[in-house]
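> What TrEMBL records for A:7-24 is compositional bias 'Basic and acidic residues'. Marked as domain 'ResB-like' by TrEMBL: A:56-557. Under the heading region 'Disordered', TrEMBL lists A:1-34. Annotated transmembrane segment per TrEMBL: A:58-76, A:112-131, A:210-232, A:503-522, in sequence order.
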Amino acid sequence: MVSTSSSDRDGGVDPLRPADHVDSPEPAPGDGPGVAQPKLGFVGWLRFGWRQLTSMRTAILLLLLLAIAAVPGSLVPQRSSDPNGVTQYFTDHPDTAPVLDSFQMFDVYTSAWFSAVYLLLFVSLIGCIIPRTKHHFEAMRARPPRTPVRLGRLAGYTTRPLPDGVDAETAVAEATKLLKQARYRVERYELRGEPSVSAERGYLRETGNLVFHTAMLGILVAVGVGGGFGFAGQRVIVEGQSFVNTLAAFDSFNPGRFFDPNSLAPYKLSLNELGVVYETQNQDALGQPIDFTAHVTITDQSGPAEDGQVKVNEPLRTHGTDVFLLGNGYAPHIVVRDPDGEIVFDDAVPFLPQDANLTSIGVVKVPDGLDAQLGMVGFFYPTQDVLGSGAYASTYPDLVLPVLTLNVYEGDLGIDSGVPTSVYTLDPSGMDQLTGGETGVDSIELKPGERTELPGGRGTVEFVDDSPDAPAAVPAGSAADRDYAQSVKRFASFDIHHDPTQGWVLVFAILILAGLLASLFVPRRRMWVKVATRRDGSRVIEFAGLARGEDPGLEAAVAAFADKLAGPVAGAESTHDTAKPTT
Amino acid sequence: MPSLDEISVLSVYSAMAVYAIAFIAFSIDLARRGAVAAKAADADAGLTGTADGQPAAEREPVGVLQAAATTKAAASTAAASAGGAGGAEASGRGSRWRSATADGASVAYGRSPALRVGVAMTVLAWLLHLTATLLRGFAAGRVPWANMYEFALTGTLIITTVFLIVLVVAKHDLRFLGTFVTGLVLVLLGAATVNFYVSVVPLPPALQSAWLVIHVFVATASVGFFALSFALSVVQLMQSRRESLVASAKAAKKSFLATLPDSNTLENLAYRVTIVGFILWTFTLMAGAIWAEAAWGRYWGWDTKEVWTFIIWVVYAGYIHARATRGWRGSRSAWLAIIGFSTVLFNFTVVNLFFKGLHAYSGLL
Ligand code: HEM
């Protein structure tokens with residue numbers, strides 16, 4: 001074993017701890033800056049500040065502060081996770097919302113004050129682990145400390161007579177061997193003619209602690225880098241349609257700050273079918289969805305098409321991106337014709353679900369082909385029923401009695417001004433309502449396979465039945481009830497992500513867990529075995545231990561070691577063996 | 001013919017009745033402790049030992065050295081064969097619990113029939129509780145922890161299980177925690193059956209994952225440990241208050257606390273229980289992140305439930321630091337353990353029920 005020059009320093013192998021750690025020596029009164037040192041230069045103050053920042057006390061305070069700072073983000077909706085909630089909050093609380101906003105309450109986790117707390121904590125962490133790591137490397141090369149002169153006051157102190165016929169050297173040699181087998185680092189010492197072995201184990205405890213704290217830093221960095229270079233995009237795809245992984249094809253796209261759009265792999269994803277299973281047996285849960293499976297095909301320039309599937313909880317990982325199935329709904333197929341029968345609109349329009357039974361709202365915009373721009377706001381009921389109030393509702397999420405109602409508007413759709421508008425909303429401010437509401441004209445109401453006139457001879461609208469065996473369209477109200485199970489296509493809403501450092505985050509997380517286990521459960525302890533000579537000249541073997549940190553099993557370990565080396569004390573009972581109270 | 005779920009509910013009610021009996025027995029025991037302490041204080045005989053010694057457990061009769069004395073060659077064999085047990089656990093197999101006075105309790109406490117009844121009833125209640133939980137699982141055809149009612153059912157079962165396991169493995173006699181444990185379980189179970197009960201329904205797709213089994217189970221398990229840590233910390237605080245009074249006030253000596261371990265022992269126990277809970281919670285957080293990645297496409301999004309999981313984790317990290325910081329060890333760190341468990345309860349109740357977020361699985365909406 002290599003010993004360092006300063007190996008005699010007692011405690012030289014203890015882990016380094018901030019000054020206010022319980023294992024650090026008590027500071028002498030007047031130590032450090034305070035009244036005793038009235039003049040503290042700039043460097044002195046700097047050093048003082050750094051000492052404060054890297055103290056245990058500061059770490060606790062910053063940790064508690066971090067916990068408190070995280071709370072508001074759970075009370076107030078956050079832009080990152082719930083943007084609609086934020087909009088709603090502004091509507092509901094027009095007075096307080098701007099005030100909260102000025103404190104970044106809707107962006108708590110990226111706010112200046114939250115960032116300040118965790119960045120300070122991590123600076124403190126760095127300041128704490130760098131010296132400790134350096135020290136730990138040295139400690140691992142240092143030799144176990146000198147055997148104390150008197151073992152009697154140390155933990156688990158016990159003695160055994162030196163058996164007849166065994167000399168002191170042999171006893172210590174055997175002890176050394178056994179300790180080594182028990183993964184102790186050992187060092188022989190000789191003090192006043194009494195041979196002894198000093199042993200230490202559990203360096204892994206400090207290693208674990210350092211790995212734990214460093215890995216936390218690693219997570220922070222990995223998350224930051226991943227956020228900078230990754231992207232997240234959303235795209236709605238109707239059954240039978242497809243999407244190409246390019247910037248323009250996303251409905252919404254959130255790139256990281258350093259994301260390069262050219263790095264998108266241009267593969268094509270086609271949604272063949274979205275399979276949905278609903279509960280039909282359990283009366284307490286009729287219509288509850290049990291399974292969503294999107295059957296897709298992936299194609300790229302190089303290889304053959306590949307079939308795959310995306311389920312909730314089972315993303316599809318392809319071309320460096322992860323594809324998640326996050327939403328679904330119906331996309332009624334609507335055809336609008338002008339008075340001459342020419343098709344001016346023909347599309348499956350995704351309707352956004354509003355409740356568990358998939359009552360859905362959607363918008364049809366017909367910008368060209370008619371005399372004026374036409375807009376329609378539609379409600380779709382997969383299984384329509386009439387409430388007592390006369391209003392419609394859907395009572396089951398699957399297609400049992402699908403009904404589409406449309407309110408027609410004419411005028412300026414507002415899409416020519418260049419201001420981006422949502423495909424899911426219609427701004428009726430510049431338009432005249434032609435059906436529904438206060439117009440006195442009934443809303444258009446269609447079942448799949450039905451068509452009807454638009455008011456005022458503006459043309460016709462048809463709700464196309466997409467079933468494979470669908471008959472030709474008939475006028476509204478005249479379709480015979482049939483099996484509508486396939487009559488309306490579904491859409492899937494996919495989230496497509498790329499996070500280059502996700503794997504690193506996982507690695508650091510595993511290191512955190514492993515480090516934590518080591519640092520909390522590996523006991524760091526010292527053990528000494530010494531052959532001492534009593535006043536009467538008899539010789540005994542002395543055993544004692546010393547805990548470095550939490551070590552509830554120390555005394556038992558010393559006793560067990562003594563027993564193994566020299567046998568149990570005849571007829572005596574060691575401390576850990578007292579009986580429990582009988583009750 | 002009642003359904004499995006109906007039998008399960010019946011079993012829950014029976015378990016609650018038996019828990020109530022256990023609770024009363026434990027409370028009587030605490031009251032008796034007060035009386036014993038008072039008597040001891042009056043007699044000023046705090047040292048009447050009760051530790052009726054039991055013979056030491058059997059050990060290997062000879063050590064390595066005796067063998068060495070016989071033949072040098074034999075010595076190395078013996079050392080090699082014994083090597084695996086190096087630094088092993090306590091060998092005191094015959095006696096699980098230290099005597100009361102070895103815990104640092106100032107008054108020894110003898111036999112207590114109430115305590116025995118309490119433990120026996122807790123075991124019985126636990127069996128009924130376990131039956132109820134298993135039946136609920138069979139009725140649903142899946143793990144019984146997928147909505148508030150089931151979280152409560154399984155969570156309280158784990159609290160009792162952890163308590164019973166700790167009774168078996170701990171070297172200290174911790175049965176005095178029975179009042180707290182049975183009381184807490186009773187209140188939570190009662191609240192859950194009255195307010196949270198929902199009939200068996202299939203799992204929504206978002207919950208159909210192996211992570212439901214792992215993540216939620218480990219989370220509930222760590223709650224079991226945190227609950228014990230909370231109880232120990234509360235008793236620790238009471239004890240340390242008593243200790244600071246004990247020199248001056250005679251009344252303090254008469255408290256039931258006099259029969260319990262000293263505050264330092266309680267703190268060490270609380271710490272050990274807490275770090276187990278903390279590790280499990282760390283795992284919970286990570287498993288949750290992995291699951292969130294699969295289900296929602298991101299491993300961390302500061303959803304309300306994620307926020308509170310994080311807060312709990314950070315508070316307990318603060319506790320562990322406090323334990324290692326001069327000036328924070330002792331009562332201050334105990335307060336952090338108490339705050340920690342309060343956030344756990346808050347997370348389970350208020351956050352589940354009233355906060356909006358992706359984790360809306362209470363089954364009550
Ligand atoms: C980023 C926030 C931090 C977290 C979440 C955290 C968490 C923890 C945890 C869980 C432990 C116990 C497990 C172990 O020993 O490895 C621990 C121990 C420790 N931490 Fe931190 N820590 C943080 C920051 C810091 C900082 C800034 C310092 C320096 C002042 C520090 C110094 C220590 C020390 C010295 C120990 C050992 C305690 C002992 O002796 O038992 N930690 N930390």
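Backbone N, Cα and C define each Cβ position, glycine as well.
Would you situate these features in the structure and describe their surroundings?
Through the fold, the transmembrane segment (A:58-76) approaches residues 18, 52, 89, 100, 105-106, 108-109, 113-114, 117-118, 120-121, 124-125, 128 of its own chain, all at least 6 residues removed from its boundaries and within a Cβ separation under 8 Å.
Long-range Cβ contacts of the transmembrane segment (A:112-131) within its own chain (Cβ-Cβ under 8 Å, at least 6 residues beyond either end) map to 16, 18, 50, 53-54, 58-59, 62-63, 65-66, 69-70, 73, 103-104, 210, 213-214, 216-217, 220.
Within the same chain, residues 202, 204-216, 218-219, 222-223, 226, 550 sit at least 6 positions outside the transmembrane segment (A:503-522) and bring their C-beta atoms closer than 8 Å to a C-beta of that stretch.
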> Could you give the residue numbers and ranges of same-chain residues that sit at least 6 residues beyond the transmembrane segment (A:210-232) on either side and whose C-beta is under 8 angstroms from one of its C-beta atoms?
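118, 122, 125-126, 128-129, 132-133, 136, 253-259, 495-502, 504-505, 507-509, 511-512, 514-516, 518-519.
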> For the domain 'ResB-like' (A:56-557), what's the model's average pLDDT?
88
